[in-house]
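The structure under discussion appears below in the form of structure tokens.
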Amino acid sequence: MADAVNSNSKEEAAQLPDGVSSVIPGWFSEISPMWPGEAHSLKVEKILFQGKSDYQNVMVFQSSTYGKVLVLDGVIQLTERDECAYQEMIAHLPLCSIPSPKKVLVIGGGDGGVLREVARHLSVEQIDICEIDKMVVDVSKQFFPDVAVGFEDPRVVLHIGDGVAFLKAVPEGTYDAIIVDSSDPIGPAQELFEKPFFESVAKALRPGGVVCTQAESIWLHMHIIEDIVANCRQIFKGSVNYAWTTVPTYPSGVIGFMLCSTEGPPVDFKHPINPIDANDGRSKTMKPLKFYNSEIHSAAFCLPSFAKKVIDSKAN
């Protein structure tokens with residue numbers, strides 16, 4: 001383990017891991033062409049892990065204000081303080097919108113947080129997860145046990161491999177819900193934002209089945225969101241909706257979700273029919289929900305005018 005760098009020497013600055021700024025020593029700065037001209041910074045107390053997998057650079061550091069932080073290729077994936085907002089919303093927005101989901105697939109999600117949330121639903125009998133990078137799984141189990149606890153559920157089956165290839169091999173109509181917990185559409189996750197992938201998702205869902213996928217920031221990526229919405233409206237013949245929530249350590253402080261259903265029993269994503277109570281005590285080892293509730297579920301679909309105009313313009 002190495003302490004965060006606090007020296008201005010050129011030699012030490014050259015050895016800084018990805019994302020740790022040499023302009024402000026001891027700070028992590030998230031800089032990417034996905035959000036040009038801006039950066040979000042966290043003070044680094046200690047670097048806990050640095051590694052390079054077959055797919056990406058992986059880093060974990062202890063921050064002074066957000067607990068431990070998981071970083072992939074210089075981009076924050078989660079922090080202990082605010083991971084609840086993302087994990088709870090991407091799981092419960094789809095699963096609370098359909099009655100008694102039984103078979104769920106998670107694409108990505110190697111930290112285990114989505115699994116933790118899916119496991120709250122007692123109707124679920126099978127949870128498959130396909131994560132391409134085993135290092136993410138191993139690092140999460142080591143440094144984020146409260147997140148990776150999802151892997152301990154006996155209903156979970158972990159598949160290490162490419163999510164696109166996995167979906168193509170899935171028999172038609174297998175899943176009630178598919179959750180795509182991907183990183184940004186660059187590098188290993190790029191295919192998860194393209195039309196052929198969504199076609200495979202639709203095929204793998206039962207009639208009236210639902211998908212929820214990470215869908216970027218309305219402040220930074222409306223051009224990407226516009227393409228995602230257009231593709232989904234062509235492919236999914238049920239409901240197609242965009243929702244969003246706040247996550248302080250994500251670029252612009254917000255993140256969006258694309259929610260779609262296949263043709264079949266109608267799905268009203270905006271009004272949950274399968275509510276999950278934060279205080280239901282359904283598991284002695286499961287902590288209460290920190291972020292999600294039925295009110296915030298419905299509110300997530302209320303869009304600012306500039307985003308609503310673009311997204312509605314893609315309606316059939």
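Backbone N, Cα and C atoms are what each Cβ position is placed from, and that goes for glycine too.
Look at Swiss-Prot and you will find Asp181 tagged as active site, proton acceptor, backed by similarity to another entry. Within the same chain, residues at least six positions away from Asp181 (active site, proton acceptor) with a Cβ under 8 Å of its Cβ are Ile90, Val106, Ile107, Gly108, Gly109, Gly113, Val114, Gln214.
Annotated S-adenosyl 3-(methylsulfanyl)propylamine binding site per Swiss-Prot: Gln56, Gln87, Asp111, Glu131, Asp162, Gly163, Asp181, in sequence order. DSSP assigns Asp162 (S-adenosyl 3-(methylsulfanyl)propylamine binding site) to coil in the three-state reduction, outside any helix or strand. Long-range Cβ contacts of Asp162 (S-adenosyl 3-(methylsulfanyl)propylamine binding site) within its own chain (separation 6+, distance under 8 Å): Cys130, Ile132.
Marked as putrescine binding site by Swiss-Prot on the basis of similarity to another entry: Tyr86, Asp181, Ser182, Ser183, Asp184, Tyr250.
Within the model, the domain 'PABS' (25-262) shows a mean pLDDT value of 94, rounded to a whole number. Here Swiss-Prot flags 25-262 as domain 'PABS'.
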Compute the C-alpha separation of Glu131 (S-adenosyl 3-(methylsulfanyl)propylamine binding site) from Ser182 (putrescine binding site), stating it in Å without decimals.
-> 10
Between Tyr86 (putrescine binding site) and Asp111 (S-adenosyl 3-(methylsulfanyl)propylamine binding site), how far is it from one CA atom to the other, in Å?
-> 12
Please name the residue among the binding-site residues Gln56, Gln87, Ser182 whose C-beta has the most neighbouring C-beta atoms within 10 angstroms.
-> Gln87
Comparing the Cα of Tyr250 (putrescine binding site) with the Cα atoms of the binding-site residues Gln56, Gln87, Asp111, Gly163, the shortest distance belongs to Gln87
Across all protein chains shown, the binding-site residues Asp111, Glu131 give the max Cβ-within-10 Å count at Asp111
Where does Asp111 (S-adenosyl 3-(methylsulfanyl)propylamine binding site) sit in DSSP terms: helix, strand, or coil?
-> coil
